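Engineer: Structure below; questions to follow.
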Amino acid sequence: MKTLVFHIFIFALVAFASASRNSAKKIGSQYDHYQTCLTELGVTEDDLFSIGEVTSGQHKTKHEDTKLHRNGCVMQCLLEKAGLMTGADFDEEKMRENYIEEKGLQPGDQRIDFLNSCMEQTKDIEDKCDKSLIFIGCVLMNEVSLPASNEEA
């Protein structure tokens, strides 16, 4: 019985540590052009929001507009360098293909609907930086809302 309780405790600890590590990561930090975009825009990693700040909505309430805009510009730079965005326009088909491949999704996965919804919600935003941050925030918040068994593989 002690062994079973110990294994359950270790499993819970590992799951919590993994979730905490992901929420502490900076948005966009997993992508190839991350450092390039930071350098081009004169932004430091300390200026960027963590995934946890975005998924909890804290990025909207605890930061001034200039920090929001800088974060959005970094996201736009990453999307543009990946060929997913030109100026303030998404390449929606390429965005879908890239997202499906990156996440290993199957047809009918709810995350594809979320992605489409986020693109629809942001389509009329003209400022490319604001549009990018709002879009990324929408996608991240939707992913967090899914049950654990439906998240990233």
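Glycine is no exception: its Cβ is also placed from the backbone N, Cα and C atoms.
In case it helps, Swiss-Prot gives these features for our protein:
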type     : residues      : note
SIGNAL   : 1-19          : signal peptide
DISULFID : CYS37-CYS77   : disulfide bond
DISULFID : CYS73-CYS129  : disulfide bond
DISULFID : CYS118-CYS138 : disulfide bond
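Thinking about packing and proximity, how do these listed features fit into the structure?
Structural biologist: If you draw a 10 Å sphere around the CB of CYS77 (disulfide bond), it holds 24 other CB atoms from the protein chains shown.
In the three-state DSSP classification, CYS129 (disulfide bond) falls within a helix.
Counting Cβ atoms from all protein chains shown, CYS138 (disulfide bond) has 19 others lying within 10 Å of its own Cβ.
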Engineer: Can you figure out which of CYS37, CYS118, CYS138 (the disulfide-bonded residues) comes closest in space to CYS73 (disulfide bond), comparing Cα atoms?
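Structural biologist: Nearest listed residue in space: CYS37.
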Engineer: Which of the disulfide-bonded residues CYS118, CYS129, CYS138 has its Cα closest in space to the Cα of CYS37 (disulfide bond)?
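Structural biologist: The smallest Cα gap between CYS37 (disulfide bond) and any of the disulfide-bonded residues is with CYS129.
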Engineer: Whole-number answer please: how many Å between the C-alpha atoms of CYS77 (disulfide bond) and CYS129 (disulfide bond)?
Structural biologist: 9
Engineer: C-alpha of CYS138 (disulfide bond) to C-alpha of CYS129 (disulfide bond): distance in Å?
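Structural biologist: Roughly 14 Å, rounded to the nearest whole number.
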Engineer: For CYS118 (disulfide bond) and CYS129 (disulfide bond), what Cα-Cα distance in Å is obtained after rounding to a whole number?
Structural biologist: 15
